[in-house]
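Enquirer: This structure is in structure tokens; I'll ask about it shortly.
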Amino acid sequence: MIRCVSCGEEYEDDEVIYNCKKCGSVLEVEMEVDVPKSTFEGRRDNLWKYKECLPVDADKRVSLDEGGTPFCRCEKLGKELGIDLYVKVEGSNPTGSFKDRGMTIGMTKAMMLGVDTVGCASTGNTSASLAAYAARAGLRCAVFLPAGKVALGKLAQAMFHGAEVFSINGNFDEALEAMTQLAREKYLYLLNSINPFRLEGQKTIGYEIVHDLGWESPDRIVLPVGNAGNISAIWKGITEFHNAGFMDDVPMMTGIQAEGACPIANAYRDNTMDMVPVENPETIATAIRIGAPVSAVKALRAIYDSNGMAETVTDEEILAAQKLLARTEGVGVEPASAASIAGLKKLVEQGDVDKGERVVCVVTGHLLKDPNTAIDACVDPVQVDADIDKIKEILLNK
Ligand SMILES: *Cc1c(COP(=O)(O)O)cnc(C)c1O
Ligand SMILES: [Zn+2]
């Protein structure tokens, strides 16, 4: 069953629908976990280990072995911040971001529905993921990207996997509007996160964090928020496992946005459910350069219901946190992902996060997604002859 999150109207699972016909709000898939947690033990460590909790037929899966990502304790950085810190490394998914979790379920659903073309608008990672999964499924794939605003690695992936790539003169929000219209006119099946089946895959981040911690909830989960699908999905996963009695507590869901693209943080600051879109979103963290998040209602509900919060960070803070994580812990992430670390640092300094809290930052995409930003943040390599004396001299003078 698919249900409207605002008016509760229900729809059949096999109806192709992206918004409630009655009120226009967003939809979610109704799922209840009715197996014991021992069910998941001893299985291969990908997200399909939770197949009983997923709304598609696992035997028909379109999969690249996604999920089961590294869960790393960050002792040094945690000590520096005075907290117990972990990162969930989503850059280790097949195409380098958490989008693969949504795409395996979304693409499996597309196959069950018998569609022949899929599409998305994307700041980059959704298109990279969709292109790969469409190739695997053998479906035609069209993607809309905001011209000049997609990180190099993501563009390379979308093109190389054979998607039909359109560079749209406009921002992500405008590209999504156009793509959604195409989908409504049934030219293709939409696999943006407005599609509730995408979020059914992404909710497994919440499952895995609790599972990784030995069936305990962290005090807080911190993640970057762009179109706001992921924070909504993780909260859904957490809620499902909590309702099943798998753990006692739930985490405070904490969303971080870039200062130049922060409609959710603005709504949180005003203590309202009414998100006001940001006209011309701007940030170096292109994956969260979004002014009108489609899942705003779900995200704000997750934040308020979990007693969480939303905060903003500057591009400078994002880049500093990206380098800090890479150099203190060896975890390389793209700028948007580093917003979680930057936001956490700010919240600790402001006293909004208590000392000793157990915090999980979801680092959403791989460092190599945006090689240009990484190289720009570094000094050039030392160029020298293969002469050991010259090299010794340089090393000793450092
Ligand atoms: C998509 C994406 C985000 C934003 O996730 P939303 O679900 O749109 O809020 C953050 N970081 C990375 C790396 C992404 O690819
Ligand atoms: Zn409705």
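Each residue, glycine too, has its Cβ placed from N, Cα and C.
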Enquirer: From the candidates THR364, THR373, give the one listed by TrEMBL for the same pyridoxal 5'-phosphate site as ASN125, GLY226, ASN227, ALA228, GLY229, ASN230.
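Expert: TrEMBL names THR364 for this pyridoxal 5'-phosphate site.
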Enquirer: What is the pLDDT of the domain 'Tryptophan synthase beta chain-like PALP' (62-365) when averaged and given as a whole number?
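Expert: Here the predicted model's pLDDT, averaged over the domain 'Tryptophan synthase beta chain-like PALP' (62-365), is 98.
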Enquirer: Might you list, by sequence position, any residue in that chain lying six or more from THR364 (pyridoxal 5'-phosphate binding site) with a Cβ less than 8 Å away from its Cβ?
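Expert: Looking at Cβ-Cβ distances below 8 Å from THR364 (pyridoxal 5'-phosphate binding site), excluding near sequence neighbours, one finds GLU90, GLY91, SER97, PHE98, ASN125, LEU223, PRO224, ASN230, ALA287, VAL333, GLU334, ALA336, SER337, SER340.
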Enquirer: Roughly how many angstrom lie between the C-alpha atoms of ASN227 (pyridoxal 5'-phosphate binding site) and LYS99 (N6-(pyridoxal phosphate)lysine)?
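Expert: Cα-Cα, rounded: 12 Å.
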Enquirer: Work out how many Å separate ALA228 (pyridoxal 5'-phosphate binding site) and LYS99 (N6-(pyridoxal phosphate)lysine) at their Cα atoms, rounded off.
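Expert: So the Cα of LYS99 (N6-(pyridoxal phosphate)lysine) lies 13 Å away from that of ALA228 (pyridoxal 5'-phosphate binding site).
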Enquirer: By a simple count of other Cβ atoms within 10 Å, which of ASN125, ASN227, ASN230, the binding-site residues in the record, is least packed?
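Expert: Least crowded of the binding-site residues ASN125, ASN227, ASN230, by Cβ count within 10 Å, is ASN227.
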